[in-house]
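Feature annotations, courtesy of TrEMBL:
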type: TRANSMEM; residues: B:20-40; note: transmembrane segment
type: TRANSMEM; residues: B:61-89; note: transmembrane segment
type: TRANSMEM; residues: B:101-122; note: transmembrane segment
type: TRANSMEM; residues: B:129-146; note: transmembrane segment
type: TRANSMEM; residues: B:158-187; note: transmembrane segment
type: TRANSMEM; residues: B:217-236; note: transmembrane segment
type: TRANSMEM; residues: B:248-266; note: transmembrane segment
type: TRANSMEM; residues: B:273-291; note: transmembrane segment
type: TRANSMEM; residues: B:297-316; note: transmembrane segment
Amino acid sequence: MRRTKLLELKAVHKAYAGVEVLHGVDLTGDRGEVIGVVGANGAGKSTLIKILAGAETMTAGELLIDGTQTRPGSPHDAHQHGIRTVYQELTLAPELTVTENLLLGRFPRKRGLIDWRAAHEQTKTLLDDIGFTSINPRQKAGRLSVAKQQMVEIAKALVAKPRVLVLDEPSAVLAGSDLDALFALIRRLQQQDTLVIYISHRLVEVLELATQIVVMKDGAVIATTIPAQTDEDELIRLMAGRRLEQIYPDRRAATDQPALVTKNLARDNEFRDVDLTIHKGEILGLFGLVGSGRTELAHCLFGATRPDHGWIELGGTPHTFKTPQDAIAAGLALVTEDRKGSGIVPDLTVRENVALTTLYATTRGGLVDQKAQRTAVQAMVDRLDIRPAHCATMPVVRLSGGNQQKAVLAKWLLKKPRVLILDEPTRGVDMATRVAIYRMVDELARSGVAVLLISSDLTEVLGATDRVLVMREGRIAGELRSEGATEDQVLAYSIGRAA
Amino acid sequence: MTLTKVDNPTTEARSATTFSLGHAAIGLVVLVLAIAAVTTDAFLTQTNLTNLLKQMVTTGLLAYGMLVVILTGGIDLSVGSVVAFAGILTAGLSSGLPLPVAMLVGIASGVLFGLVNGTLVARFELAPFVVTLAALTTIRGLAFVYSDVPIAPEDESFFWLGSAMLGPIPLTTVIMLAVFLVGGVFLHRTPAGRSIVAIGGNAETVRLAGISVRKHVLLAYTISGFCAGLAGVILASRVGIAQPSVGVAFELDAIAACVIGGASLAGGKGSAAATLGGVLVLALINNLLNLYNVQSFWQQVLKGLIIIAVILVHRASRRRT
């Protein structure tokens, strides 16, 4: 007897303004399944999610829930059908508490007024139930770390007890125990007969969690498989036509000439006693869990904040950076972890975004030298293979995440930095773009640039670097040569269990 | 067959965002003009057109300054009060000082107020709305403190600026157009102008790109102050009398002109040409309704409805692209 599946997509097509981006996608998932969806940027994953979420409507095709045809026309519709989606972008109201964010519209009442005590208790129970015990219901959402906010987003989706939960890159900002909590949660949902659709660039996770893996490429499903029958290598090959060992370039360009040195650098409540040296031609990894102080350190090195103690030396001379301008003048560049918040100006064109760092340097008679700007930016677009090739006049926000990141990188390359700080440069970025970024960074290092690569991706922080520093609770807790080091060693330092 | 590289037409169109923003406003101008020319004899007379050109100068100057501030994501509510202060100061000083000096001092007072607003917003990071709301009442008060009765200079030369003609066009209109021309080049072609637009789009990105957000925000409010000062001096000269009570709610017309021109109050979007279009729309509507003897209360109602209509058109045209 054929039981009807919980969710079925049949020959789903989607076109924007006549351009088809999904060419007949089929997807079937049942209760208790975890479908891992993988694919390079532009493969159509986001569009697929939006259709499931009711944020976009399909041009042709069918969506069946329990065998009944539906077509969610709005997110509200999708909710009615038991489909909840957690996007990469955070949507919490920052000034409201966790409780308010979670229970908005369904507060417990007493004599017509909100019963806050009950509300907070209800939230606490809810968070405990799903294993997110470290979140305080009374905290304002905006005060939480990005990782905790992501967890609240997931909790918010679960309040309505969905039958289908779509998670778009949920682990991009999670690490350590938070990630464990997420995995445990997904397994529990599975037991409760929820269908989880898990979109991730981290193939290891997908292989660990999924009961079914769907590989998308160029708007179509090109393979459906199960973890037991595949491995990371094959998935990468399917997605991008590349082998795992080809991802990270061989490292060995480091010199012993210090480019940037910090002495006892500290900022109250953020980090302390930071003594680090980045050499010319070196890619220095900096690993740390969320809250370890790594991003704060990066901002301080770049003059975005000022140190309370200690100082920075460049080429042997002490420097005080009062503003990012000072740091940039001294040859520093920073690609921040928050692309949307501090990496791009969304509505400006790619050209203007890339030209931002050199805006005041590219003038003729007091006016922006448009011709020079155009030439310089196009050269960068070509060099970094930012797509589409004619993107210079497009608003940057219309590019895919990976290409936006390349544009941010291009902005700094135009400035020809001597010290390049990259904070999570591959977060939410597809494999092909990652490889391109690693290559570019390697090339820069070979030309003598000192690179600080901050990452919470263990494979990356070991694979793409010469040396790794591990931060824990605001201090440098350990140092390892990347070659021969294991992920366990790095993790051990980061949680304070190193021998 | 040879492969040639063809520019994608849709992106070409997108690159002209600054122009498309103005489309709605410009279309509306043409429409209103056509209605005006066809339906009333009074519109196309020399007197009426000269009046029209003169009347739009104040709103025009204020709107350009407002646009610069709005582009940073701010707002300048104080401009109406600055108009009154600059006007009455110039008129008052003109009895003792040479007229050009008095006028320059009047304009300088606007620059000074702009600097103060800008400092409070940029340096002390106070909310633009609150800062300029406080400035609105403070500067209005100062205008009355300086003279609580209107000042009417007797020297004929005081009226010259406001009444001089360059051929068929009033001098003040030419000044306003020059402000928009130079201002347009400033916003769209200079590093400072581009920085101001970028700040409205994402200030943190701009700061981390090594561009001083503070300096540019300060500059924006100073430009707005300058425009308001200039508008005040010109208005006093045109009317021939400076009143401490003049210019109430002028800031709202300036904001309306920017919005009709497609500027986003969230910052980062808007163009000088389109704002000029917005100024024209407002001036034409006022002028036409006057010619038709429509009661001024109805003029206000209609103006409000037109603003909403234009914004809806903008919204629809943005969805389409």
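Glycine is treated like the rest: Cβ placed from N, Cα and C.
All annotation found in TrEMBL is predicted automatically rather than curated by experts.
Quick caveat, the model's predicted, so the values are computed rather than measured.
Among B:61-89, B:248-266, B:273-291, B:61-89 has the largest number of CB pairs under 8 A with the transmembrane segment (B:217-236). Contacts between the transmembrane segment (B:273-291) and the transmembrane segment (B:101-122): absent, as fewer than 3 C-beta pairs lie under 8 angstroms at sequence separation of six or more. With Cβ pairs under 8 Å as the measure, the transmembrane segment (B:158-187) is packed most heavily against B:61-89, out of B:61-89, B:101-122, B:129-146, B:297-316. Counting C-beta pairs under 8 angstroms (sequence separation of 6 or more), the transmembrane segment (B:248-266) reaches the transmembrane segment (B:61-89) with 3 or more such pairs. Under 8 Å from some Cβ of the transmembrane segment (B:61-89) lie the Cβ atoms of residues 102, 105-107, 109-110, 113-114, 117, 121, 128-129, 132-133, 135-140, 142-143, 146-147, 150-151, 176, 179-180, 183, 187, 196-197, 199-200, 203, 216-217, 220-221, 223-236, 242-251, 253-255, 257-258, 261, 263-270, 272, 275-276, 278-279, all in the same chain and six or more residues away from its ends. Residues of the same chain lying 6 or more positions beyond the ends of the transmembrane segment (B:101-122) and with a Cβ under 8 Å from any Cβ of it are 65, 74, 76, 78, 82, 85-87, 89-91, 93-94, 128, 131-132, 135, 139, 161, 213-215, 217-230, 232-233, 236.
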